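> Would you mind keeping the following structure in view while I ask a few things?
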Amino acid sequence: MKDFIMPRTFPCPRCGQPSVWEGNESRPFCSERCKLIDLGAWASEEYKLKTQDAPTSGKGQHSDDYED
């Protein structure tokens with residue numbers, strides 16, 4: 001009797017639904033739809049890292065604004 005091996009699954013990072021890893025062209029997402037939704041979120045800057053802004057000295061913040 002052959003043992004049936006369950007395919008490895010993981011939660012989709014976008015919707016959380018279980019998704020099979022092997023043979024999934026959209027991995028780590030469960031579908032092309034979740035993949036494109038996530039791409040759109042990156043493009044519209046929905047994902048941001050929290051940072052602590054450094055105090056400004058009153059000058060502009062761009063490197064072009066500083067004198068050599």
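Using N, Cα and C of the backbone, Cβ positions are placed for all residues, glycine too.
Features from Swiss-Prot:
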- C12, C15, C30, C34: Zn(2+) binding site (BINDING)
- 48-68: region 'Disordered' (REGION)
> Specify the secondary structure state of C34 (Zn(2+) binding site) as given by DSSP, simplified to three classes.
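Going by the DSSP assignment, C34 (Zn(2+) binding site) falls within a helical segment, counted as helix.
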> For the recorded Zn(2+) site, whose residues are C12, C15, C30, C34, find every other residue on that chain with a C-beta no more than 8 angstroms from the centre of their C-beta atoms, and list them by sequence position.
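So the additional residues around the site are P11, P13, R14, G16, Q17, S19, F29, S31, R33.
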